[in-house]
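Listed in Swiss-Prot:
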COMPBIAS  1-15  compositional bias 'Basic residues'
REGION    1-35  region 'Disordered'
Amino acid sequence: MSKMKTKSGAKKRFKLTASGKVKAGQAGKRHGMIKRTPKQIRNKRGQVTLSPQDAKIVKKYLPNGL
């Protein structure tokens, strides 16, 4: 049987931590920043840890743990 391939879109968007959690970029910063307060924009920086339910789905896309 051949090796499982990693989904290209998933490897660009998600990172697996050493403890097995999945990190992703914060959503909601593509456009429409003018109506948001500076605090809201600041809080959108960085990454968030996905919920266990979402992490389970994403891990199927990253069989090699990229």
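Any Cβ shown, glycine's included, is placed from N, Cα and C.
Bear in mind that the values here come from a model prediction, so they are computed numbers and not experimental data.
Long-range neighbours of the compositional bias 'Basic residues' (1-15) within the same chain, counting only residues 6 or more positions beyond its ends whose Cβ lies under 8 Å from a Cβ of the stretch, are 22-25, 47, 50, 58, 61-64, 66.
Residue counts for the compositional bias 'Basic residues' (1-15) under DSSP, helix first, then strand, then coil, are 6 helix, 2 strand, 7 coil.
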